[in-house]
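Lifted from Swiss-Prot, the feature list:
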type	residues	note
ACT_SITE	C169	active site
BINDING	K60, R63, C169, L272, R274, G310, R312, A313	acetoacetyl-CoA binding site
Amino acid sequence: MGSYSSDDVEVIREAGRAQGLATILAIGTATPPNCVAQADYADYYFRVTKSEHMVDLKEKFKRICEKTAIKKRYLALTEDYLQENPTMCEFMAPSLNARQDLVVTGVPMLGKEAAVKAIDEWGLPKSKITHLIFCTTAGVDMPGADYQLVKLLGLSPSVKRYMLYQQGCAAGGTVLRLAKDLAENNKGSRVLIVCSEITAILFHGPNENHLDSLVAQALFGDGAAALIVGSGPHLAVERPIFEIVSTDQTILPDTEKAMKLHLREGGLTFQLHRDVPLMVAKNIENAAEKALSPLGITDWNSVFWMVHPGGRAILDQVERKLNLKEDKLRASRHVLSEYGNLISACVLFIIDEVRKRSMAEGKSTTGEGLDCGVLFGFGPGMTVETVVLRSVRVTAAVANGN
């Protein structure tokens, strides 16, 4: 029998590692076709739930909708589906089966739409995809949405899959953190990330004693985003968009009860403490310092920002606490306005918005003409995901076909 030393093992280990930072190589997004205007949603919501007799609550809900800074959202849950499943309109009535029937099939299908766009932009054969990370809040099932997507896309049956359920709004950062580890520690790997969210699991009829639920009805939207991530891009055929410099996750102190969601027979419940924006603001500067000080960055306005828009108040508080210029959160506010809170997919939509707007406005880099930026995701716990990104020169991106 042969023998081997620890040095031999280390050589094998090093040979399997990629060279360079994990890099975002393509982005695709998708939404359901059903678009609802926020200005009309209160009338629609109280009508389809047969709750128009709750006049005062309806007026309160209208004010909630007006304060969200959302113009429109895309929702997979249609009026026809609610008519076929009326228990979904009754507050907390047993209706989990109807919700599951919609999201178990809808989540991977919506994810496929985004993934096809990302793969098309990437430009390489889908057989080159080595890893799949799928994330969703809804539709827990086995085999899961990751398996369904492999079948829908015709990926290799040996693609290495990672399925994340019910991670909440921080998960857009979570998938980037996981993809960075996979890409940098598996030479030649190409990681497909898909975050697909259908919020029918959160839909409930109005109840005067549960205003948190009304906030959820006004805030969340449906959508999917897909990214291709890999280290050591082949510049002749691949077009880098952002490099993932570093990632971090932390639990904010004394925030256990700030944001909680529980899966019940009547769907997913939503509890949100009114001080969540202040909790985020209290901790955001420490998180920014931890992320950016290793790069010698202390001027928050010298970097681009991708902040999860958990709500308008969170963006306002972050902007105020860090003394950010008004345009620094423009991409976050735009995505909130045009799509609502897309849960895990939201910050990925923001990444796409930053690079597209940078190109359209003739900026020198994919990150608003700046070199570095920071992405924040906030979720139950409260958990904060932080990702530092480095932009790519637009001239180089254009030369490579972007």
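Every residue gets a Cβ built from N, Cα and C, even glycine.
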Among residues K60, R63, C169, L272, R274, G310, R312, A313 annotated as binding acetoacetyl-CoA, what is the maximum Cα-Cα distance? Answer in Å. 25
Near C169 (active site) in space, meaning Cα within 10 angstroms, which of the binding-site residues do we find among G310, R312, A313? G310
When DSSP is mapped onto helix/strand/coil, what comes out for G310 (acetoacetyl-CoA binding site)? coil
Highest CB neighbour count within 10 A among the recorded positions C169, L272, A313? C169
Looking at the binding-site residues R63, R312, which sits with the largest number of other Cβ atoms within 10 Å of its Cβ? R312
Going by DSSP, is R274 (acetoacetyl-CoA binding site) sitting in a helix, a strand, or coil? coil
Neighbour count check, CB within 10 A, over binding-site residues K60, R274; minimum at R274
